[in-house]
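Chemist: Structure below; questions to follow.
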């Protein structure tokens, strides 16, 4: 791929250089740190849209939850919002076991922290969320070590997997110009092998952006499946590696009727959006009140220093996407369009609970939530700019779940 991306003043070569030499080595190190490797997720939520197709029984679809003893004490000791010094003190660490039993608001917290939690909860219920977040207090929510459960091809495919993506594109995505899509495996064989979307004509910037983000997310997931593919299936020692034939099937210009390169360009567009979100949210983490809290002071300080270093790099990039160009029409129309945009994306996050393979569901939920968090950041600029330096924020808040999802989704 070469050249300028549509809808922004950025070229692919600049993104490649910036990512390869500045961002990727650092984001890879950050993902290996305790704060970012443990993700709490509920993989047992029922599909809200259709009768369950049944879970994938292939052994590689399985996700191994992390034993409680392996989770850093500062991560598991209470509310999902606890990642700062304000919300943690030595007494809570000593009373870690008790903290697990106390529920949403820990009785050992100061009144100030209790008020902060109430404000955070109130904000969580507001209209700025683009994703359906898992309830981390649910007995079905479990910590997963992302490093031990990598995203890769597990053998999960066919009608169940196709239905998930078809529902995303057909029912929850604004329609672009004619786009090649694979044959519907649910339909009779006499139906033609291709079907097409509508035209870009009359489709506003916001709806083009929405489609590109979903296409870019799809391309990202497919790329990881192709790069880490089950090549040799034996019970004793399965072999994983790049599958060039599968990559060609999904992205080659000829095999995809010209659509493959566009899919890859949409991946670059997704990268730009999440990169922009990281540069915008930097002031939130630059405050001294925010720690990446695990209970290990030395590790927490190193993790925050590395994150701030990445933020400095993101700010140095000169060709960011300009999110101010979105929702910039008349106020009433812009507000209505933004709400439509948000609800479409929220629905897509719920569809991830319909994925039959647990490992695919884990990474689908994480990357969707990461993108949803990026969108939340991009449309909360005023709230981020007015954050207090030395006290919990009331206007804008990120849960640990959102922070972990944002960094790991960008890392993918």
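From the backbone N, Cα and C atoms, a Cβ is placed for every residue, glycine too.
Here's the feature list from TrEMBL:
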type	residues	note
ACT_SITE	357	active site, nucleophile
ACT_SITE	360	active site
BINDING	152, 154, 165, 215, 218, 250	FAD binding site
DISULFID	56-61	disulfide bond
DISULFID	96-131	disulfide bond
DISULFID	357-360	disulfide bond
Chemist: Listed FAD-binding residues 152, 154, 165, 215, 218, 250 - what's their greatest C-alpha to C-alpha distance in Å?
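Modeler: Across 152, 154, 165, 215, 218, 250, the widest Cα separation comes out at 21 Å.
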Chemist: Expressed to the nearest Å, what is the distance separating residue 154 (FAD binding site) and residue 357 (active site, nucleophile) at their Cα atoms?
Modeler: 8
Chemist: Taking only the Cα atoms, work out how far residue 131 (disulfide bond) lies from the residue listed as 'active site, nucleophile', in Å, as a whole number.
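Modeler: Cα of residue 131 (disulfide bond) to Cα of the residue listed as 'active site, nucleophile' measures 20 Å after rounding.
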Chemist: Write down the Cα-Cα distance for the residue listed as 'active site, nucleophile' and residue 215 (FAD binding site), rounded and given in Å.
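Modeler: Roughly 21 Å, rounded to the nearest whole number.
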Chemist: Which one is it: of the binding-site residues 154, 215, which Cβ has the fewest other Cβ atoms within 10 Å in this structure?
Modeler: 154
Chemist: Write down the Cα-Cα distance for residue 357 (active site, nucleophile) and residue 250 (FAD binding site), rounded and given in Å.
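Modeler: The Cα atom of residue 250 (FAD binding site) is 20 Å away from the Cα atom of residue 357 (active site, nucleophile).
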Chemist: Based on Cα coordinates, which of the following recorded positions are within 10 Å of the residue listed as 'active site': 61, 152, 165, 218?
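Modeler: Checking Cα-Cα distances against the residue listed as 'active site', the recorded positions within 10 Å turn out to be 61, 152.
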Chemist: Within 10 angstroms of the C-beta of residue 218 (FAD binding site), what count of other C-beta atoms is obtained when all protein chains are considered?
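Modeler: Taking all protein chains shown, residue 218 (FAD binding site) has 18 Cβ neighbours within 10 Å.
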Chemist: Checking the binding-site residues 152, 165, 218, which are within 10 Å of residue 357 (active site, nucleophile) at the Cα level?
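Modeler: Passing the 10 Å Cα cut: none.
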Chemist: So among the disulfide-bonded residues 61, 131, who's got the most Cβ atoms within 10 Å?
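Modeler: In terms of Cβ crowding, the pick is 131.
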Chemist: Would you mind reading off the Cα separation of residue 61 (disulfide bond) from residue 165 (FAD binding site), to the nearest angstrom?
Modeler: 18
Chemist: Using the alpha carbons only, what distance in Å do you get between residue 218 (FAD binding site) and residue 56 (disulfide bond) once rounded?
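Modeler: So the alpha carbons of residue 218 (FAD binding site) and residue 56 (disulfide bond) sit roughly 20 Å from each other.
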